[in-house]
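Colleague: The structure under discussion is supplied below as structure tokens; questions concerning it will follow.
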């Protein structure tokens, strides 16, 4: 028995190390690519002045040319403007699409990621045939088909402290369409150091928000958020979900603000934050705090005079991928391969699925008992009663005096670890073996059952 436990512990530790190694390899590849790009980034010359619109341009942009607020001079400004878009996902796609359609002269596209099928519900520049291609090349191709006169400059790399300032200085306006906190601080600081306005938006579930930082003496991102939030409190779209239309609404609002800045009209949301609630169909505008004299980036005596280690500052990685928690020891975890062996052996046990009901409706293992993590966190009496009954029923298949092991599973292996901690703290269960399944159901789909849905 002791030997078997050691094998399980070692296998769990190997799985954990493999996951860490995979993450490190990804970061190394991104860093090497960024290093290469920083060494061979071609100079981007300023767009030449434009004295008049061609006959084709007058026809193409005729509906906006007749707007007195824009007119010919505004269109000429757009034609010589350049915009850097950080992130070619749910926000960046509609933003870039409308900027290209409106005739902005140059669009810089920054994204290290590739197109995945799960992107297509909201990232409207990409298509099924382009799965696996770098997002910036997919987006650039779509934009060129829309408007061949717009220059698209793809940067297939992660934005890093080594490259950000150089890139930002090449463009007139910057749009932050990223989905992680370290990149938000990085883009903000680069814009402050380069003296560029920053149009920033975010979207999650049915909600979104947009503002403009560092414009006309207004606040920057650090004025509003001097310190990053605890990493464990941050939810991204992969974890929390998002309705594609919501990212479309916010991306279009970003495009509107960028166009007004580029045309010389000025933005609407410098110093204020627009909140969008799609479920209730409401927009709400709130005033942000003014520029802080003691701001570390844009204050009177700034301490951020160069770009820094933002992943270290924020305690999280600069990616929109789900971060893996390490809350349990190897002895408290089991791989999906080992769990499959246990399942096939017919050994009595209880599998507890702690995902929300909405995820269980997508897919589930038929033999699992479902109790959402939130019910365990609040010690819901009905849920604990259900768990107790399942344990008593399961024990009927064990030898007399033997305990019933409990295995906890979720989507990715994070919530299951939290659930194990809770179960271990319950007095009625403290004598039972409780382990989480490493990698959750997505690991099950990848390593055990290729027909199991991934979401």
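Including glycine, each Cβ sits where the backbone N, Cα and C put it.
This is the feature table in Swiss-Prot:
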type	residues	note
ACT_SITE	237	active site, glycyl thioester intermediate
ACT_SITE	410	active site, cysteine persulfide intermediate
BINDING	90, 111, 118, 119, 120, 121, 122, 135, 179, 180	ATP binding site
BINDING	220, 223, 295, 298	Zn(2+) binding site
DISULFID	314-322	disulfide bond
DOMAIN	345-453	domain 'Rhodanese'
MOD_RES	410	cysteine persulfide
REGION	156-236	region 'Interaction with NFS1'
Colleague: Take the C-alpha atoms of residue 118 (ATP binding site) and residue 314 (disulfide bond) and report the distance between them in angstrom, rounded.
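Modeller: So the Cα of residue 314 (disulfide bond) lies 27 Å away from that of residue 118 (ATP binding site).
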Colleague: Taking every protein chain shown into account, which of the recorded positions 120, 410 has the largest tally of Cβ atoms within 10 Å of its Cβ?
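Modeller: Neighbour-count leader: 410.
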Colleague: What does the structure give for the C-alpha distance between residue 122 (ATP binding site) and residue 220 (Zn(2+) binding site)? Integer Å is fine.
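Modeller: Computed Cα spacing between residue 122 (ATP binding site) and residue 220 (Zn(2+) binding site) is 28 Å.
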Colleague: Let me make sure I understand the structure: which of the recorded positions listed (223, 237, 298, 314, 322) has the fewest other Cβ atoms within 10 A of its Cβ?
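Modeller: Result for the recorded positions 223, 237, 298, 314, 322: minimum number of other Cβ atoms within 10 Å at 322.
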Colleague: Quick one: DSSP breakdown of the region 'Interaction with NFS1' (156-236) into helix, strand and coil?
Modeller: 27 helix, 19 strand, 35 coil
Colleague: With a radius of 8 angstroms around the mean position of the C-beta atoms of 220, 223, 295, 298, what other residues of the same chain does the Zn(2+) site pick up?
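Modeller: So the extra residues in range turn out to be 192, 213, 214, 219, 221, 222, 291, 292, 296, 297, 299.
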Colleague: Take the C-alpha atoms of residue 410 (active site, cysteine persulfide intermediate) and residue 220 (Zn(2+) binding site) and report the distance between them in angstrom, rounded.
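Modeller: Residue 410 (active site, cysteine persulfide intermediate) and residue 220 (Zn(2+) binding site) have their Cα atoms 38 Å apart.
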Colleague: Average the per-residue pLDDT over the region 'Interaction with NFS1' (156-236) and send me the rounded value.
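Modeller: Across the residues of the region 'Interaction with NFS1' (156-236) the model's pLDDT averages 95 on the 0 to 100 scale.
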Colleague: Going by DSSP assignments with H, G and I as helix and E and B as strand, what are the residue counts for the domain 'Rhodanese' (345-453)?
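Modeller: Final tally across the stretch: 44 helix, 14 strand, 51 coil.
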Colleague: Taking Cα atoms as reference points, rank the recorded positions 220, 223, 298, 322 by distance from residue 120 (ATP binding site) and give the first.
Modeller: 322
